[in-house]
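Colleague: I am attaching a structure below and will ask some questions about it afterwards.
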Amino acid sequence: MKLTEAYHDALAALPATPPLPTAVANATEAAAGSEEGKQDGFSKVKVKEKFMNELNKIPLPPWALVAIAIVAIILGLTCCFCICKKCLLKKKNKKKGKEKGGKNAMTMKDVKEMGKSGKEQALKDEDEDAETGLTTDGKEEEKEDEKLGKLQFSLDYDFQNNQLIVGIIQAAELPALDVGGTSDPYVKVFVLPDKKKKYETKVHRKTLNPVFNESFIFKIPYSELGGKTLVMAVYDFDRFSKHDVIGEAKVPMNTVDFGHVTEEWRDLQGAEKEEQEKLGDICFSLRYVPTAGKLTVVILEAKNLKKMDVGGLSDPYVKIHLMQNGKRLKKKKTTIKKNTLNPYYNESFSFEVPFEQIQKVQVVVTVLDYDKIGKNDAIGKVFVGYNSTAAELRHWSDMLANPRRPIAQWHTLQPEEEVDATLGMKK
């Protein structure tokens, strides 16, 4: 009995032994995993070794490789930063748009009301302009006229000598045409329709309210005076370019009472462009050394010369005369520049002029067109020195005020006949 019971107990105990195979399976799996891990580790090491070998093959020093790596990292960081910033800005803009849309949202009724109010306001403005008799163009013209300034002058007539006496007293509230916020004004005075005789005041530097106090005489018989018109044009002087006209005042002589001296202010109006034939401009410098009695004239260049040849060009050269009392003392000339209307010379000429004579001489500059066959025709002329006016007088005065220093200036060429008449030259 005891043996049978023990046998049965042994049989009952047999099912409790299955955990042994699972442990063995786990052990085998762990062993396999460890083998795979070892293989992965070996493969990683091999990749690193290959990478380092490839790096060693590159013909660059280690510090260069380090620098490249640093630059790459910095670029990556900056790209990330920019992307983050853009995302944040987009979110902010969306929020702002929503807030504005909520606050400033308009209905169709609001739009219609705004349209009606705008139309009503425009009609009111038009009615106001109609009442005052002004259009928008008129307003602009008035503003332009106001900016031109005004001129004070006097008029008198000498019946015994048949002379019209014009006094240019002063100007006020002139516009600023120079960079420094001022102008260099002077006044041209002439009588229409002939324009034969023109006068110019002295140039006043850096002022918008110049005081001239200069008088000019025109010899006109009283019987012819009624058909004349006096023109007083204010200009802004510029040494290196064309003088800008500021404005002008026109006075028909048949509207003036010459029974007494007339003195009045006139607002300057927009001046008409002078329709004078353009002969060109010339630039030259003047230098005077008083101790040596040496006057140096450098002919620099000319521009926009009149076309004298059939082909639409010229062969210009320049003559320089030193004159006194209508007599030519010395003569110089430049080289000839072929087929051009804008010649460049940069040629220097010297004259001996004692200090006591410098105020009595004149330098006459003539631009001529060279011709092989016929006579060389004069294109234009200008003179500085004694008896010169306006820009020419200013150039001469600046030279005397700055001894030993070359003073360059552009001059507009005048017709030869007019200059010769002023100089009293005999051909």
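Just so you know, glycine gets a Cβ as well, placed from its N, Cα and C.
Okay, so Swiss-Prot annotates it like this:
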type: BINDING; residues: Asp178, Asp184, Asp236, Phe237, Asp238; note: Ca(2+) 1 binding site
type: BINDING; residues: Asp238, Ser241, Lys242, Asp244; note: Ca(2+) 3 binding site
type: BINDING; residues: Asp309, Asp315, Asp369, Asp371; note: Ca(2+) 4 binding site
type: BINDING; residues: Asp309, Asp369, Asp371, Asp377; note: Ca(2+) 5 binding site
type: COMPBIAS; residues: 109-124; note: compositional bias 'Basic and acidic residues'
type: DOMAIN; residues: 278-411; note: domain 'C2 2'
type: CARBOHYD; residues: Asn26; note: N-linked glycosylation site
type: REGION; residues: 96-145; note: region 'Disordered'
type: TOPO_DOM; residues: 1-57; note: topological domain 'Vesicular'
type: TOPO_DOM; residues: 85-427; note: topological domain 'Cytoplasmic'
Colleague: Counting across all protein chains shown, how many other Cβ atoms sit within 10 Å of the Cβ of Asp178 (Ca(2+) 1 binding site)?
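Modeller: Its Cβ has 14 other Cβ atoms within 10 Å.
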Colleague: Would you count the other C-beta atoms found within 10 angstroms of the C-beta of Asp238 (Ca(2+) 1 binding site) for me?
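Modeller: Within a 10 Å radius of the Cβ of Asp238 (Ca(2+) 1 binding site) lie 16 other Cβ atoms.
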Colleague: So which one is it: of the binding-site residues Asp236, Asp244, Asp371, which has the fewest other Cβ atoms within 10 Å?
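Modeller: Taking Asp236, Asp244, Asp371 as the binding-site residues, the minimal 10 Å Cβ count falls on Asp371.
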Colleague: Can you count the other CB atoms that lie within 10 A of the CB of Asp309 (Ca(2+) 4 binding site)?
Modeller: 14
Colleague: Which residue, out of the binding-site residues Asp315, Asp369, Asp377, shows the minimum number of other Cβ atoms inside 10 Å of its Cβ in this structure?
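Modeller: Sparsest of the binding-site residues Asp315, Asp369, Asp377 by Cβ contacts within 10 Å: Asp377.
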Colleague: Test of understanding: give the count of other CB atoms lying within 10 angstroms of the CB of Asp184 (Ca(2+) 1 binding site).
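Modeller: Within a 10 Å radius of the Cβ of Asp184 (Ca(2+) 1 binding site) lie 20 other Cβ atoms.
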Colleague: Which binding-site residues from the set Asp244, Asp309, Asp315, Asp369, Asp371, Asp377 come within 10 angstroms of Asp238 (Ca(2+) 1 binding site), judged by C-alpha positions?
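Modeller: Near Asp238 (Ca(2+) 1 binding site) by Cα: Asp244.
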Colleague: Can you tell me the CA-to-CA distance separating Asp236 (Ca(2+) 1 binding site) and Asp244 (Ca(2+) 3 binding site), as a whole number of Å?
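Modeller: So the Cα of Asp244 (Ca(2+) 3 binding site) lies 5 Å away from that of Asp236 (Ca(2+) 1 binding site).
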Colleague: Which residues, sitting 6 or more apart from Phe237 (Ca(2+) 1 binding site) on the same chain, put a CB under 8 Å from its CB?
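Modeller: Listed in sequence order, they are Asp184, Pro185, Tyr186, Val203, His243, Ala390, Ala391, Arg394.
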Colleague: From the Cα of Asp178 (Ca(2+) 1 binding site) across to the Cα of Asp309 (Ca(2+) 4 binding site), what is the distance in angstrom?
Modeller: 38
Colleague: By DSSP, what is the split of the domain 'C2 2' (278-411) into helix, strand and coil residues?
Modeller: 15 helix, 66 strand, 53 coil
Colleague: Going by DSSP, is Asp184 (Ca(2+) 1 binding site) sitting in a helix, a strand, or coil?
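Modeller: Its secondary structure by DSSP: coil.
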Colleague: Which of the binding-site residues Asp178, Asp244, Asp377 has its Cα nearest to the Cα of Asp371 (Ca(2+) 4 binding site)?
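Modeller: Checked the binding-site residues Asp178, Asp244, Asp377; minimum Cα distance to Asp371 (Ca(2+) 4 binding site) goes to Asp377.
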